[in-house]
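Visitor: Feature table excerpt (TrEMBL):
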TRANSMEM  A:25-44  transmembrane segment
TRANSMEM  A:64-85  transmembrane segment
TRANSMEM  A:92-116  transmembrane segment
TRANSMEM  A:128-147  transmembrane segment
TRANSMEM  A:154-174  transmembrane segment
TRANSMEM  A:180-203  transmembrane segment
TRANSMEM  A:210-228  transmembrane segment
TRANSMEM  A:268-285  transmembrane segment
TRANSMEM  A:318-337  transmembrane segment
TRANSMEM  A:349-372  transmembrane segment
TRANSMEM  A:393-413  transmembrane segment
Amino acid sequence: MSTMAVPDVAVAAVDQGFWTRSRKAGLVLLALGLLAAVLFGALATDQQARFTLSEDAAGAALEINGTVGAILFGAIAAAAGAALLAGPPKRWFLPVLGVGLVGFVLSFLCWQVSAAPAGQNFMPLVNILRGTFILALPLIFGALAGVLCERSGVVNVAIEGQLLMGAFSGALFGSISGSVWVGLVAAAIGGAVISLLLAVFSIRYLVDQTVMGIVLNLLAVGVTGFLYERLMQTNAERYNSAPRFSNWEIPLLKDIPVLGPALFRGNIFLYLGLLLVLVIHLGLFRTRWGLRTRSVGEHPTAADTLGVRVLRVRYRNVLLAGVVAGIGGASYTLALYSFTKNMIGGKGFIALAALIFGRWNPTGALLAALFFGFADQLATYLGAINSVIPSQFLAMLPYLATILAVAGLVGRVRAPAADGKPYVKG
Amino acid sequence: MEPGEIHALLGENGAGKSTLMNVLYGLYQPDEGEILVDGKALKLRGPSDAIAAGIGMVHQHFMLVPVFTVAENIMLGAEQVRGGIAGFLDRRRARREVVEVSERYGLRVDPDAVVEDLPVGIQQRVEIVKALTRDVDLLILDEPTAVLTPQETEELLTVMRSLKAAGKSIVFITHKLGEVKAIADRITVIRRGKTVGTASPDASRDELAALMVGRSVRLTVEKAPAAPGEPVLEVAGLVVDDDRQIRAVDGIDLTVRAGEVLGVAGVQGNGQTELIEAIMGLRPVLAGSVTLDGERIDGWSTKKVLRAGVGYVPEDRSVDGLVKEFSVAENLVLDIYDRPPFAGGLALKPDAIAASAKERIAQFDVRTSSAEAPVGTLSGGNQQKVIVARELSRPLKLFIAAQPTRGVDVGSIEFIHSRVIRERDIGTAVLVVSSELDEVLGLADRVAVMYRGRIIGIVGPDTPREQIGLLMAGVTPEVAAEQTAGATDDDAAPAEAPRSEDEE
């Protein structure tokens, strides 16, 4: 006969031992912080590291001696790591982790900025922030397209193709009509066409969704490449000179220091992207549409027994995803550049990474996209100040971060349970 | 169906009970015939039509979204919304509705609990509340007691009585005779897709069973007293995690002797699966030891364990026991296909495989069109016989059978049970794991009850069911004694024992 008391068992089943996720993260952070303090501190120079609050070297700035800064911020990161090791209450985990990571990045920047050639030892925060958002924008649209699709249970690997098709049709029809609005609508339709193919083949004909997504990416590259050569290269004037959205300044908000010039003097796509994050987040977790979408992505049979039309919900969401990604593609051709062959260049896949890193959550995807955008912007900046860090290293960051996320180091990443599984009745 | 009636639908597995009810719920379309509600023919194009017609269903496999809260699961499909076209969910109202309904029928559930954290019995309650909030008049319960402890079953029967008192009609699908007799007002017996008779609850168990299978069957397993020999399997201090890295087996000690059947009883999900998989080398052993005939076998590959003389019937035959697309003959040699006489050098020997298949199909009464038929085309019972035939065709020291008769018809159950006992009688140590208490009690010479990863008690097969039921719910005699000592309004003893006539 066993003699143990029942409640003990429950505790034993939940207990994970000393090395909880929080402690592991703390250990890593402590090591990173110490490394930063020692290594970056040693490499930094005594030149001032200036973080200017404007677009150039002028104006107010936050200044700190390079060596002091590198050591100080490294120590802050290490302290945050040590705090996590001590095992604080659960709700402190994310804030403390955030402080630690920011400390590490600042330590790194103090070293880099102070080691720049004399006269270039400044970092214009407005430029960096604006650049981060501009580079993150296609990722935000792409990741939102992923959220819409995958929350309803359809894997969307075709984000790249949807962005590309959106960029292309935006450029083509914008040029022909001479209207940015026609271009915008055409871009949305272009993305939706790729989505429609994805929906029909994966929902109706049960083709493997990942394979279908890859095929659609290749199709989009092929079709737009062909038409680009045939139409746009031969007659760029007519077919590849779309009008562009001008920047809209938002009254009041534009005057906030740093944030104002960086964010509120942007174009329609920036505002639309941020608005969509909010709308999709609220929609997903607060509305009937969201409840049904998530139920279909988690347990379609259960949804079906309650009268939810599983396939209709999936069609609708996949098409919406195409519209969102199509508009994201237009953020290139209707605001920044002319169309060029394969101009998305893998951003669709980084958006997919942002989706996973952000745990299939619109707000998470936004933060992940911004992180990737920042890494991208930093690479450009470091190139400009002749840094010793090869820009390719920073370009690897998104992928590295995603691998770590998927490996479960940033908490358990759980996809919608029915993601990628076609629904067949009976 | 009459209003306020509990109508039991009794039939073997695969008799067509669930299919009939899925048609009634609009999930499947009838090929012929019609459904009448209040005298009017009803055309159901989908579950929403059924719900509109006042028909609700609690499925055998719960239709709940695990990551949703109770309230979210209940409102899904019938959401109350505000804000016009935006359709914001009115959570407060949904929560209130859940509380209201659950109080009215005595089904306590927490609207904000996340479903995957709830025990099975409560999840079932959520399912019932879900149907009730949709104002159904007719509730279909498909095998509701399959996953419940005897105590939870008793609670469910109480709930069913209160629903009946409130004027709801209930269709109660089951193959358990005791429950039917305890609660039903009318019994319809189904066999092979046809109604073969109706009976009143006064009919004897033997009569009902005979109707169900079409001939009279023995309900108990006939066996001589065991003659236990030396210990064959010894498990000491075993610790195993489940797939989610949560402790599933938490320090188990077990001994199985030659010539005895040790039955492991317990509600599903208390570590039985992980225990067996660890013994078979399918799951890493974190601490403790597994010994076979004095030799440590933990850490061995499954192949090596099998070769050491262990026979294994896995709990899920379609996933772990058979390759469905392979023929019966091929499935019969899955464990020894690479050894003589079935293989020579690099090649298989089809003649030897076919000959042995023919012999074993006859020996184990496998009903199949031919030895070459894909095993997936056989009925559940015959698939299970293929596995048993394969595992019992080798000389064994230890035979492990997990859920050996799950989803198997009564005729095959009888056959498989007799083979298990025959194996015991030739001196093999037998370990049977089953969530069917009847099966464990019928087969075992000793019964170990598992609860939350531990053996909470080892008792004889003659122990009263109520006592084992309490053990399955984690209440040891010591704890039970304490509880009754400080007796409150909480009356643990079942008012009516649904299975009182069990040992007749």
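Even glycines carry a Cβ here, placed using N, Cα and C.
Annotations in TrEMBL come from automatic prediction, not curation.
Given the structure is predicted, the values throughout are model-derived calculations rather than measurements.
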Visitor: Out of A:25-44, A:64-85, A:128-147, A:154-174, A:180-203, what stretch is closest in contact terms to the transmembrane segment (A:210-228), meaning most Cβ pairs under 8 angstroms?
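Guide: Per the Cβ count, the answer is A:154-174.
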Visitor: What stretch, picked from A:64-85, A:128-147, A:268-285, A:318-337, has the most CB pairs under 8 A with the transmembrane segment (A:180-203)?
Guide: A:318-337
Visitor: Could you give the residue numbers and ranges of same-chain residues that sit at least 6 residues beyond the transmembrane segment (A:154-174) on either side and whose C-beta is under 8 angstroms from one of its C-beta atoms?
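Guide: Distant contacts of the transmembrane segment (A:154-174): 138, 141-143, 145-146, 180, 182-191, 193-195, 198-199, 202-203, 209-210, 212-214, 216-221, 223-224, 227-228, 231-232, 239-240, 242-243, 314, 317-318, 321-322, 325-330, 332-334, 338-339, 342-344, 346-349, 351-352, 419-420.
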Visitor: Sort out for me which stretch, of A:25-44, A:128-147, A:268-285, A:318-337, A:349-372, has the most Cβ pairs below 8 angstroms to the transmembrane segment (A:64-85).
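Guide: Checked against A:25-44, A:128-147, A:268-285, A:318-337, A:349-372; highest Cβ contact count belongs to A:25-44.
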Visitor: Where among A:92-116, A:268-285, A:349-372 do we find the most Cβ pairs under 8 Å to the transmembrane segment (A:318-337)?
Guide: A:268-285
Visitor: Among A:25-44, A:92-116, A:128-147, A:268-285, point out the range having the most Cβ pairs under 8 angstroms from the transmembrane segment (A:349-372).
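Guide: Going through each listed stretch, the top one turns out to be A:128-147.
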Visitor: Output the single range from A:25-44, A:92-116, A:128-147 maximising the number of Cβ pairs under 8 Å to the transmembrane segment (A:268-285).
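Guide: Most Cβ pairs under 8 Å with the transmembrane segment (A:268-285) come from A:128-147.
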Visitor: With Cβ-Cβ distances below 8 Å as the criterion, list the same-chain residues six or more beyond the ends of the transmembrane segment (A:25-44) that contact it, or say none.
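Guide: 66-67, 69-71, 73-86, 93, 97, 100-101, 103-104, 107-108, 110-111, 114-115, 409.
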